[in-house]
Amino acid sequence: MGFANQLVRCLPVWPVYLLGALPGPWLFYLGLTGGLGVEPIKALEHEYGELALQLLILTLAISPLRRLLGLNLLKFRRAIGLLCFFYVLCHLLVWLVLDVQILGQILTDIAKRPYITIGMGAFVLMLPLALTSNNLSVRKLGRTWSRLHRLTYAAAVLGAVHFVMLAKGFQIEPLIYLGLVLFLLALRVPYSRWLRLPSGTPVSGRS
Amino acid sequence: MARRWTNDLTPADATPEAVFWNRRRIMAGLAGSGLAAALGTQARAEAALPEEELAPNTWEEVTGYCNFYEFGTGKGDPSEYAERMTTEPWSVAIDGLVDNPGDYSFEQILSEMTLEERIYRFRCVEAWSMVVPWQGFELADLLTLAGVQEGAKYVAFETLYRPSEMPGTIYKVLDWPYREGLRLDEAMHPLTIMATGIFGKPLPNQNGAPLRLVVPWKYGFKSIKSVVRITLTDEEPPTSWNMANPREYGFYSNVNPEVSHPRWSQASERRIGGGLFARRQPTLMFNGYEAEVAALYEGMDLSEYF
């Protein structure tokens, strides 16, 4: 892992932002030009949503990767988290502006359709996370910051449940996402509770 | 029992394909301008529906955007994988309360039926819609051929279930085989057809080859594909989506903008093919076939029998 960590240390963060954000406009362009099939609105909505979920899972994977495998990707976590929020925002905007379009129906949908209520819940939870993902906030909030950012766990569960609920019939793909989220969260339960490890194994305070 | 629909046109009256499409394009262009009326007889036959709604979707849209979960849950899966389905030979078992039960070969059925074109709106429960030019025959004719017995009240249908050719069936997305059903009067209604083709060509596999049901005033999933069994019964038959989630999918599943669905508002829909900035349009009661079918449900509370 030493070599990988050295490599990570040399890499700058800005390309992650750049490359990570590119699929956004690219998918939109595909939608405009027929590359997403004959119903581009739904396809775009789905693509953005799925990207957001994948990035969310990646942020959750970073601290277990470090703790269990010694791979330290911590320096990219903020970028991945913000990219995740970017795609959640794209997903929401496609739904609001291109898909439902009608304000009355949007409000009804949020109130009446549980999977949308849950999806909106996840978005609301992510708002303060995105807003405080800067050095100033980290300094100002101190320990509150890390406590606040545990909202990620709830947002991830809600996001995955949102996907499971919108699938028609019994579908495997959304359940795989939910399984991954739950697995990554389970890894955060202090070891001693469910794994008998040699005493003295450090339990990471940060996650 | 609904009235018989008599078709007094013969193939000789059919418009040649090129002219047909041309006229449709012209008519769509004229829609709303008032000029359509000047075209006289051609316009009159289609006056019941606004012209732009009647213009069929493209071949690519109709055959490329499908739900056929036996081949996968993605909209493109059926067109990608349905080729594997063997449709020759094909026979349909007709059984239950009929005078002439048995296996009817597809050829035998075709030889007994009169094919005609029906351009219908098609509305999915997921709130998208298309307009499809079907070819087919009235289900009533097939049922009459089989001889419906006195006590029959419902018609049950089953889709082919052949895991070796249907990759989507490895997952229990639904309780295979796919099942659907109609009340006998719905099945005998002149709008209810068994389709064998679209755009003048045989049905592609992803659209339910070689023979599928089309019930234009109900959500698309009622129009069961690749039918291998038709059973006349005296009891309401179990249907796949109703079995999977009775709260969301009723037995009737009539298109109804007033009955909300837990997942999709049914008040409006989007016509496939409008691109990224397509507007939604209001959903019509019974998908626009209210004048023809509302009588079937007289006295029924459609929010209870949804």
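Each residue, glycine too, has its Cβ placed from N, Cα and C.
Sequence annotations record features per position, and here TrEMBL assigns transmembrane segment to A:12-31 (among others). If one looks beyond the transmembrane segment (A:12-31) by at least 6 residues along the same chain, the residues whose Cβ comes under 8 Å of a Cβ in the stretch are 40-41, 43-44, 47-48, 51, 55, 75-76, 78-80, 82-83, 86-87, 90.
For A:49-159, the entry in TrEMBL reads domain 'Ferric oxidoreductase'.
Annotation comment: TrEMBL describes A:51-69 (among others) as transmembrane segment. If you look at the transmembrane segment (A:51-69), the same-chain residues 6 or more away from its ends with a CB under 8 A from one of its CBs are 1, 20, 23, 76-77, 80-81, 83-85, 87-88, 90-91, 152-153, 155-156, 159-160, 163, 177, 180-181, 184-185, 187-188, 204, 206-207.
What TrEMBL lists as transmembrane segment is A:81-103 (among others).
According to TrEMBL, the feature transmembrane segment maps to A:115-131 (among others).
Positions annotated as transmembrane segment by TrEMBL: A:151-169 (among others). For the transmembrane segment (A:151-169), same-chain residues at least 6 beyond its ends with a Cβ under 8 Å from one of its own Cβ atoms are 49-50, 52-53, 56-57, 59-60, 81, 88, 114-116, 118-119, 121-122, 125-126, 128-129, 175, 177-178, 180-182, 184-185, 188.
What TrEMBL lists as transmembrane segment is A:175-191 (among others). Sequence-distant contacts of the transmembrane segment (A:175-191) (same chain, six or more residues past either end, CB-CB distance under 8 Å): 53, 56-57, 60-61, 63-64, 67-68, 153, 156-157, 159-161, 163-164, 197, 201, 203, 207.
Taken through DSSP, the domain 'Ferric oxidoreductase' (A:49-159) splits into 98 helix, 0 strand, 13 coil. Confidence across the domain 'Ferric oxidoreductase' (A:49-159), taken as the mean pLDDT and rounded to a whole number, stands at 96.
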